[in-house]
Amino acid sequence: MAKAVLLLLVLVAPLMISLLPSSSLALNQDFCIADLARGDTPAGYPCKPQTGVTADDFYYRGLNTTGPTINPFNIGLSSAFVTRFPGVNGLGISAARVDFAPGGIVPLHSHPGGTELLFVIEGAISAGFISSLTNQVYVKTLYKGDLMVFPQGLLHFQYNLGDDTAVALSSYSSANPGLMILDFALFANNLPSDVVSKVTVLDELEVRKLKALFGGSG
């Protein structure tokens, strides 16, 4: 009997650990509303004094409308990361909304700090990601009500397949998953064009054109 109990503990313990919140803050107290004015730390934002917490701290309306347009990709993006929604601090969760105009694209990008779960609300979207081990591409066509997951840190993309606006809602396994858009990383920086050309094997004239498009210098 003792051996059976020990075996059960060995099998169940890793599962129970994986279900625990990622932040130690959530283990020690019910919540930790981010005090954004005090700055971020490796463990998250410091907590707002509990005496000043209200129901409004757990409520956010920022995803109820189309967000600002991101050019030249023809999409609207609004987010509910901790910097906009302090109530998610320490809880290992956040969200975003993307509105794809016809022809709209979410270019290759990654979230260094979290896995993404995409839910299509309206329209048809092509979505995919690239594995880091073999560069295998996994692509699916998603329709209203469909879900797709993008593992943490991997490059992924989405684009509108239809002639009407498509809308998707993403949730993340982090209060601040981060966002690195490949085009901006390559062409919105101040690295000299000849260096970018060398490290990307792109023609230098093309690099200069892309730097002009994305606001880079050098």
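Backbone N, Cα and C atoms are what each Cβ position is placed from, and that goes for glycine too.
Per TrEMBL, the features are as follows:
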DISULFID  Cys32-Cys47  disulfide bond
DOMAIN    61-208  domain 'Cupin type-1'
BINDING   His109, His111, Glu116, His156  Mn(2+) binding site
BINDING   His111, Glu116  oxalate binding site
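The two recorded residues, Glu116 (Mn(2+) binding site) and Cys47 (disulfide bond), show a Cα separation of 25 Å. Most Cβ neighbours within 10 Å among the disulfide-bonded residues Cys32, Cys47: this distinction goes to Cys32. Sitting within 8 Å of the Cβ centre of His109, His111, Glu116, His156, and not among those site residues for Mn(2+), are the Cβ atoms of Ser110, Phe129, Phe150, Leu154, Leu155, Pro177, Leu179. Confidence annotation: the domain 'Cupin type-1' (61-208) carries a mean pLDDT of 95 in the model. A sphere of 10 angstroms centred on the C-beta of His156 (Mn(2+) binding site) encloses 24 other C-beta atoms. Non-local contacts of His109 (Mn(2+) binding site) by the CB criterion (under 8 A, 6+ apart in sequence, same chain) comprise Leu155, His156, Phe157, Leu179, Met180, Ile181, Leu182. Each residue of the domain 'Cupin type-1' (61-208) gets a DSSP state, and the totals for helix, strand and coil are 22 helix, 58 strand, 68 coil.
In this view, Glu116 (Mn(2+) binding site) is surrounded by 24 other Cβ atoms within 10 Å of its Cβ, with every protein chain counted. For His111 (Mn(2+) binding site), the same-chain residues lying six or more positions away in sequence with a CB closer than 8 A to its CB are Phe150, Gln152, Gly153, Tyr172, Ser174, Pro177, Gly178, Leu179, Met180.
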